[in-house]
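Enquirer: Can you keep this structure in mind? I'll have questions shortly.
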Amino acid sequence: MLGFLRTMVGKSGMVKPSCLVRPVAVTRITGRYLAHQESLPKLPVPPLKQTCDRYLAVLEPIVEEDELQHTRRLLEEFQTGGVGERLQKGLERRARKMENWLSDWWLKVAYLDYRMPVVVHSSPGVVLPRMEFHDRQGQMRFAAKMISGVLNFKTMIDNETLPVEHLGGQALCMHQYYQVLSSCRIPGTKSDSIVNYSQGRRPPSHITVVHNFQFFVLDVYNRPKTWAKAYSTLIKDRTNKESVRAIQKSIITVCLDAPMPRASEEQYRSRAAVQMLHGGGSRWNSGNRWFDKTIQFIIGEDGSCGVIYEHAPAEGPPIIKLIDHVVEYMKQSEMVRTPMVPLPMPRKLRFNITPEIKNNIEKAKQNLNIMVQDLDVRVIVFPHFGKNVPKSHKMSPDAFIQIALQLAYYRMYKVCCATYESASLRMFRLGRTDTIRSASIDSAKFVKAMDNSAIQNMEKVALFEKAVRGHRTYTDMAIRGQAIDRHLLGLKLTAIEDLTSLPEIFMDTSYAKALHYNLSTSQVPAKTDCVMCFGPVVPDGYGVCYNPMDEHINFAVSAFNSCEDTNASRMAQTLEEALVDLRDLLEQTPKAKL
Ligand code: COA
């Protein structure tokens, strides 16, 4: 069956794309990547007082008055007693010495030291539109085209011709693109690590394919193998380590899934989301994954397709850019191929399963099945409007959606909660993310006013506009490296590295509340009509990811079934209502009267 693939994978770079990511030049530009990276500014360390003041403002809507007063006192001591200043100086010294004072720490703290399973708790999935094939043959053809699309994208990475991205007119760090192919997470007892084989002397030329829980190596480049190489392969002992290494080294993994339980048209996307996030459990396709692999494309027999990626090396946007490119590439009906030279046959990867390994697999199956049972995901296509409506009211669509989320949460729980929205720090060299705090003093004022019949619509609109503007201002501050969260983390880690006692501000209940994100959210925009999805980050929270298109918005909302207080479908529905109500509020309140 897999042999079919080898006849379908053409060489890369052979189509004439119309709207693909276009290389800046067709040939290789050696050194372009490094030159670009070096031209980027370094991530700044924000002023201490600015962060302390902004931290207090952030706490206001989410902690009690006495907690706020207590934290205010702690912050004063922190700033005036010399501890804060000493940590700030330490952090500034680190920033002068390193390319990015945060990125190594962040990789460790947010990802590699994280001891929960990456499945559901860290790795996002992406649901693509359902494709039009319904059988094994269609699945194979699609897989072959998709692999070809990935290799086409890889050419731009290898040749350093990938166009530089921009945000707010500023060139962005492109480092993450160079980290996601041919890489994998490696487990460790205390901390994991990431390997990337693309820069080695002999970069990999194979992908791994997994079908029926069996892994195969598939060479995707037609490179003549010398007898010496074949001989050394021949005499190698195929141990488990080698099989694992083959998976780790592979450019990507392609998971050819068995059919999942049938779902109605309405339920399809939600069912596909769990297929992407965890595979559906040991009965279905969870065994058809290598969850540490950075990028796994998933293709079911029933037309379902998507991606799961291990989060440590990159955020969603570069992954989505790659997906957009692959999807556009596959739309090209005329794939002009050079004469087909057959690729080597796929090799099945062998594993020697000892009783101890079997036992471990059984335990892993049980754990995974518990997580599968616990995760509730609802994917919705919000049909009423997309970016068009906020834009027509001269509002940032992202801020509009975030305030709608605040309203939805408030309507369900009658409180505001700590809310995380990812902000890109890629304007800076090796930049990852900071947090946009969507629950603000202004958003709290607005959500409390919205359903208060004693308040006039004109006043509600004014409060809404202020909350939206405030959100956009926070976003601008965050993407320019001036948000509070990574700075506070940096101060805390400096204290830990200095082996001094941890300042009280980090042991305060306000700090714990500020980091308990009942709403963990992210916008991952795509040209493809898809949506990324991820699990909640706290047991009683929601994960909300969205792709705002021009005239509709795709949302993926997740929650845990084990928490009685949360419900993904209810949150999704409340969010839909909130969005519609906000539009109606704006449209039913004539501008002239404002
Ligand atoms: N009036 C009219 N139009 C407006 C507007 C206004 N006041 N404000 C914004 N717009 C427009 C923008 O120009 C943009 O137009 P486009 O559709 O032509 O591109 C569009 O609305 C979207 O802007 P906005 O909704 O404000 O969002 P953004 O694109 O600036 O993105 C973030 C905001 C926070 C998502 C982005 O800065 C970011 O950091 N992204 C990274 C997310 C990430 O890393 N996630 C990780 C997931 S794992």
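We number each residue from 1, going along the chain as drawn.
Backbone N, Cα and C atoms are what each Cβ position is placed from, and that goes for glycine too.
Pasting the relevant annotations from TrEMBL:
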type	residues	note
DOMAIN	43-222	domain 'Choline/carnitine acyltransferase'
DOMAIN	225-577	domain 'Choline/carnitine acyltransferase'
ACT_SITE	H311	active site, proton acceptor
BINDING	K387, K391, S392, H393, K394, M395, S396, P397, D398, S424, R472, Q523	CoA binding site
BINDING	Y420, S422, T433	(R)-carnitine binding site
Enquirer: In angstrom units, rounded to an integer, how far apart are the Cα atoms of R472 (CoA binding site) and Y420 ((R)-carnitine binding site)?
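Expert: Here the two Cα atoms are 14 Å apart.
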Enquirer: Mind running the binding-site residues K387, S392, K394, Y420 against ligand 1 and keeping the ones whose CB falls under 6 Å of it?
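Expert: By the Cβ criterion, which requires under 6 Å to ligand 1, the hits are K387, K394.
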Enquirer: Pop the Cα-Cα gap between S422 ((R)-carnitine binding site) and S392 (CoA binding site) into the table, whole Å please.
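Expert: Distance (Cα to Cα, whole Å): 25 Å.
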Enquirer: Across the listed CoA-binding residues, K387, K391, S392, H393, K394, M395, S396, P397, D398, S424, R472, Q523, what is the farthest Cα to Cα distance, given in whole Å?
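Expert: The two farthest binding residues have Cα atoms 25 Å apart.
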Enquirer: Given the recorded positions H311, K387, K394, S396, D398, find the one whose Cα is closest in space to the Cα of Y420 ((R)-carnitine binding site).
Expert: D398
Enquirer: Report, in whole Å, the straight Cα-to-Cα distance of K387 (CoA binding site) from S422 ((R)-carnitine binding site).
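Expert: With the alpha carbons as reference points, the distance is 19 Å.
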Enquirer: Looking at the binding-site residues K387, K394, S396, D398, T433, which has the shortest Cα distance to H311 (active site, proton acceptor)?
Expert: T433
Enquirer: What's the most sparsely packed of the recorded positions H311, K387, R472, counting other C-beta atoms within 10 A?
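Expert: Checked H311, K387, R472; of these recorded positions, fewest Cβ neighbours within 10 Å: R472.
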Enquirer: Three states by DSSP: which one describes T433 ((R)-carnitine binding site)?
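Expert: Going by the DSSP assignment, T433 ((R)-carnitine binding site) falls within a strand, counted as strand.
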Enquirer: What is the interatomic distance between the Cα atoms of T433 ((R)-carnitine binding site) and D398 (CoA binding site), given in whole Å?
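Expert: About 16 Å separate the Cα atoms of these two residues.
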Enquirer: For the binding-site residues listed here (S392, S396, S422, T433), tell me which residue's CB has the most neighbouring CB atoms inside 10 Å.
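Expert: Result for the most crowded candidate: T433.
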Enquirer: Can you work out the mean pLDDT of the predicted model over the domain 'Choline/carnitine acyltransferase' (225-577)?
Expert: 93
Enquirer: Largest pairwise Cα distance, Å, within the listed (R)-carnitine binders Y420, S422, T433?
Expert: 11
Enquirer: Count the Cβ atoms, other than its own, that fall within 10 Å of the Cβ of K394 (CoA binding site), considering every protein chain shown.
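Expert: For K394 (CoA binding site), the count of other Cβ atoms within 10 Å is 8.
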